[in-house]
Amino acid sequence: MSDETTGSLGDAFSPMDTPTTTIMPPPADVDESGFSHSLLTFAAVMTFLIMIVGICGNLLTVVALLKCPKVRNVAAAFIISLCIADLLFCALVLPFQGLRFVQGTWRHGEVLCRLIPFIQYGNIGVSLLCIAMITINRYVMITHYSLYNRIYKRHWIAIMIAACWLFSYGMQLPTLLGAWGRFGYDARLQTCSIMSDRHGHSSKTTLFITAFVIPCLVIIACYAKIFWVVHKSEQRLKRHATKQNSIPNNLRPLAAATSMPSGDGANPSQVPAGCRVSSDSSSNYSTDVPDTTPGGAGGGAGVKQQPSRVKDQREVRAKRNEWRITKMVLAIFLSFVICYLPITIVKVADKDVEHPSLHIFSYIMLYLSACINPIIYVIMNKQYRKAYKTVVFCQPAARLLMPFGKGNGASSAAEKWKDTGLSNNHSRTIVSQMSAGATATATATAAAGTQPQSTSTQGPVQALELTARVPDLISKSSNLPLPQPLPQIPPAGARPSLTPPPPPSVLTATHSNGSGSQRLPLKKNNHSYTNSGFNSSVISANPSSSPSPSSSGGGIYRPGIGSMGNGSASIRRITMVGDDIILEEEELPPTPTASSPPQMQAPPPPPSSSRQTTMNALNTTPKTPIYMNVDSPKRNQSYSERNIPVPAREGHDQGVKDSQGLPSKLMDKKKFPKD
């Protein structure tokens, strides 16, 4: 080749025209690893925020579960272990991870670079194993209840919790010592993690399968079995409810009387005796309580009692509580899987860190799993919310969580009554008591000139309707009758009805024959109303004599004074706790069985003159009695103001008092009870 040719080629490819490859520098807001500064700042803020919420929430949960015995059960022991693992994760791991995001790299030495991932992966394993243990506990409780008490004893529970911690951290020891993989700094992710050793071995896959995949499969299998058993149980309950005519949610008279003479002369109905309590709440269940009145007079042995279902109601309520905890644990497991799933997918799909934002998001989700559990407890469990209140507001645990215990003015018997399945938020309760005894005629019937009839198939019925929001009225004297509206004069030949309608929104206690109406006091300020025997009545030995208000159930009901009957009672106390009505059932010592009263024939109908006298007496307007509000008496009253005697009515009331020969019980009690 000539020199000209060579020169032309050299001119054609001058150094200035030679193509070169230029490497652009990274942007100013991106570090050498590819993570932007704004992204690292966001990750640091979220990490420190999760750390604060996690430490406060998990510490509050541990203190609340240890302080409040109401929520202290087998599941709570594993939940405490879970909270301790999350607390250690938030207190020991997250501060260093937050500083890593702020500084952009790891600057805390090689020892901490090995220790921090050891604690991190160990706590992750403990958390998932504790969730698996709680799920197994729910599985045994719901599907194999007969084995529950034998498996979950205190020493076995301690062994299970210790096994979770030892297994999770024991699996990390070979990696910590460098025998099977090693803990070191990963420059691509700028974090300390599990690295391959000099032989190329790593424990990531084994730890992932052993501490994550297997517990998840066990949890899924247990919940599948739990849902199957619950579904079958609901199907059986629906079939049983269809056969037994499901109980409606509204109030209705659940207990019926024995054979009673009706006001219009209709044939009486035969219903067995017993006592049933039904609450107007969201529950469709009622509780049957057998009549505990000992030895009713007059054919009481032949009356059958209603079967008791208190034990069934306790079992239903316990199963509902267990199912509520089971759903809460399921929510914890789902949140755990959702939080750990992103980092698992990102590390497998993006090994070369081509999308840094996905890695930051996966780390934040991983840290979020340590603080989300207390939030689930607050949302899904009412008892846990109350337990948190006891710690936050420094309230006694017994007063808030055990409103029917000694801390709130009620007795242990009332707490046992609540365990029968009655709802806490019921607004109205009907209590009907059947007594297998002789029939007690009302005062108005005796005043009309008729004599009480007693047969072996007739029994007194007394019903109480307790309304949680009614005026608290009480008469100041037991000799003053309550105001009653004037009855309408019936047409000629018809039997007059002596049943005055009860005043609206006022607590009443009436006989089933409608012979009288009586207002009862009701107090909301956690006051207990004792009853000395209003559930049964006693017939006077002389059939011709008119029964007194005390013996016929016509007296004034007063706190601490049982003037509505002299017989034995099955319900001894009515306690108001907030808006709840607690009925305390108490066994009484047996009393001798009274002899049956003599059988008497029905008297002939009264002559027309006597009937006209009765009608004139009914048309007479009684004196207006004096009432006072028990809830708001005058404060700091003097002795004379509290004990102003009220004159008794002339005529009938004075005669009744003289015939009894005893002073009024209301006048004996000089002071009204304090609020």
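Note that Cβ sites are derived from N, Cα and C of the backbone, with glycine treated the same way.
Annotation source Swiss-Prot lists compositional bias 'Low complexity' at 278-294, 536-551. Annotated compositional bias 'Gly residues' per Swiss-Prot: 552-565, in sequence order. Among the features that Swiss-Prot reports, compositional bias 'Basic and acidic residues' is placed at 666-675. Look at Swiss-Prot and you will find Cys113-Cys192 tagged as disulfide bond, backed by sequence analysis. Annotation comment: Swiss-Prot describes 258-316, 475-568, 588-675 as region 'Disordered'. Positions annotated as topological domain 'Extracellular' by Swiss-Prot, on the basis of sequence analysis: 1-44, 95-115, 178-206, 349-359. Look at Swiss-Prot and you will find 66-73, 137-156, 228-327, 381-675 tagged as topological domain 'Cytoplasmic', backed by sequence analysis. For 45-65, 74-94, 116-136, 157-177, 207-227, 328-348, 360-380, the entry in Swiss-Prot reads transmembrane segment.
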Report task. Using all protein chains shown, find which of the disulfide-bonded residues Cys113, Cys192 scores highest when you count other CB atoms within 10 A of its CB. Result -> Cys192
Query - Close approaches to the topological domain 'Extracellular' (95-115) from elsewhere in its chain (Cβ under 8 angstroms; 6 or more beyond its ends) - result: 31, 33, 35, 37, 40-41, 43-44, 47-48, 51, 176, 182-185, 190-192, 363, 367
Query raised in the report: Quick one: do the transmembrane segment (74-94) and the transmembrane segment (360-380) have at least 3 Cβ pairs under 8 Å, skipping pairs fewer than 6 apart in sequence?
Result: yes
Requested in this report: Residue list, the transmembrane segment (45-65) vs rest of chain: Cβ under 8 Å, 6 or more residues beyond ends.
Outcome: 71-72, 76, 79-80, 83-84, 86-87, 89-91, 94-95, 97-98, 101, 364, 367-368, 370-371, 373-375, 377, 384, 387-388, 390-392
Query - Outside the topological domain 'Extracellular' (178-206), six or more residues from its ends: residues with CB under 8 Å to it - result: 33, 35, 97, 100, 104-106, 112-118, 121, 171, 352-353, 359
Query - Intrachain residues whose Cβ lies under 8 Å of the topological domain 'Cytoplasmic' (137-156), provided they are six or more past its termini - result: 74-75, 78, 222-223, 225-226, 229-230, 319, 322-323, 325-326, 329
Report task. Tell me, roughly as an integer, the mean pLDDT over the topological domain 'Extracellular' (95-115). Result -> 89
